[in-house]
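Copied over from TrEMBL:
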TRANSMEM  6-28  transmembrane segment
TRANSMEM  53-75  transmembrane segment
TRANSMEM  81-100  transmembrane segment
TRANSMEM  107-126  transmembrane segment
TRANSMEM  146-167  transmembrane segment
TRANSMEM  174-198  transmembrane segment
TRANSMEM  213-231  transmembrane segment
TRANSMEM  243-263  transmembrane segment
TRANSMEM  275-295  transmembrane segment
REGION    315-349  region 'Disordered'
COMPBIAS  339-349  compositional bias 'Polar residues'
Amino acid sequence: PVPMGAGFGAGLGLALASSAFIGGSFVLKKKGLLRLCGRARAGQGGHAYLREWLWWAGLLCMGVGEAANFAAYAFAPATLVTPLGALSVLVSAVLSSIFLNEQLNVHGKIGCILSILGSTVMVIHAPQEEEVSSLESMAEKLKDPGFIVFALCVLVSSLLLIFVAGPRYGQSNVLVYVLVCSAIGSLSVSCVKGLGIALKELFSGKPVLKEPLGWVLLVCLVICISIQINYLNKALDIFSTSVVTPIYYVLFTTAVMMCSAILFKEWQHMVLDNIIGSISGFLTIVSGIFLLHAFRDMPFTPNLLPLFLQPGRADPHPSWSSADRHQSCQHQPLLPSQDKGSQSAEEEE
């Protein structure tokens with residue numbers, strides 16, 4: 001069980017602040033990319049966005065959000081922090097509808113509610129990872145054959161997406177660049193957790209700076225974040241924010257859950273009800289995010305409501321005693337209305 005105390009409250013507050021900053025960063029960076037009129041855009045491999053202060057403001061917000069997220073892992077378990085990342089999707093969707101004129105209809109609002117409910121269920125039933133209290137134990141887990149195979153699959157698939165699928169389908173399929181960000185992001189989370197352990201040991205007085213693993217994790221984290229920023233900018237420049245953000249969250253969370261399950265063996269110690277609860281919560285989030293972006297361009301008019309909810313049609317089934325009730329199907333004429341005149345004329349003749 002998650003301990004309820006000052007540390008839990010601090011971790012929860014940092015996780016919520018992280019979602020707010022990260023959600024706002026998507027909108028700021030998209031706003032900066034939209035101002036690149038007549039200059040080489042990120043979607044065509046340009047880097048003119050580096051001259052836009054709005055893009056840098058978005059990058060700063062993302063940095064603050066990631067720092068808050070990093071600190072949240074030190075105070076609260078990852079099973080609490082990770083599901084709350086869905087709130088960044090909601091923040092991004094709401095802010096996009098306000099500042100980017102991107103539509104958020106009733107389907108999107110229902111999707112937001114489902115995402116919040118799914119996050120709550122995942123917080124309650126999420127798996128508890130094994131304790132990793134030192135760099136030595138982290139090094140042992142990184143040497144696990146299962147994790148090595150997973151990391152190699154991530155690297156090979158990312159290279160194929162970048163050099164093979166990217167030039168062909170990157171401009172038309174949103175999954176290409178987002179998959180690169182999500183796959184590399186799963187490795188960056190492992191680096192973040194390892195660096196968090198190193199910082200704890202550093203503050204406790206241990207000679208962490210002499211350990212090569214800490215520096216290796218730092219270099220890997222910088223490389224992973226650089227790749228994520230580059231290809232996330234490409235996706236945001238080509239596609240709508242309301243499309244990129246939800247898909248990125250779903251794929252990123254799935255990759256992180258797979259990486260954590262392989263690295264920390266957290267699913268081995270779960271009972272059946274927690275497994276079902278975690279899967280149900282995640283599928284609820286996926287359903288909410290699907291509603292959030294799949295129907296974003298569908299206008300919602302009163303004609304789409306059921307008859308009993310449409311204005312002016314509060315009584316779709318009037319009583320039989322009303323004067324203007326409709327005739328029964330048994331009393332409907334068999335011939336079309338346009339043939340009534342000709343039929344009556346024939347009868348008169």
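Placed from the backbone N, Cα and C atoms, the Cβ positions cover glycine too.
Predicted, not measured: the structure shown is a model, and the values here were computed from it.
The transmembrane segment (275-295) makes no contact with the transmembrane segment (146-167), as judged by fewer than three Cβ pairs under 8 Å among residues 6 or more apart in sequence.
A contact links the transmembrane segment (6-28) to the transmembrane segment (81-100), because at least 3 Cβ pairs that are 6 or more residues apart lie under 8 A. The transmembrane segment (243-263) shares more Cβ pairs under 8 Å with 174-198 than with any other stretch in the list 81-100, 107-126, 146-167, 174-198, 213-231. The highest tally of CB pairs under 8 A with the transmembrane segment (213-231), across 53-75, 81-100, 174-198, is held by 174-198. Under 8 Å from some Cβ of the transmembrane segment (146-167) lie the Cβ atoms of residues 173, 176-177, 179-180, 183-184, 186-187, 227, 231, 255, 258-259, 262-263, all in the same chain and six or more residues away from its ends. By the Cβ criterion (under 8 Å, sequence separation of 6 or more), the transmembrane segment (81-100) is not in contact with the transmembrane segment (174-198), since fewer than 3 such pairs are found. Residues 7-8, 10-12, 14-15, 17-22, 24-33, 35, 81, 85, 88, 192-193, 195-196, 199-200, 229 of the same chain lie 6+ residues outside the transmembrane segment (53-75) yet bring a C-beta within less than 8 angstroms of a C-beta in it.
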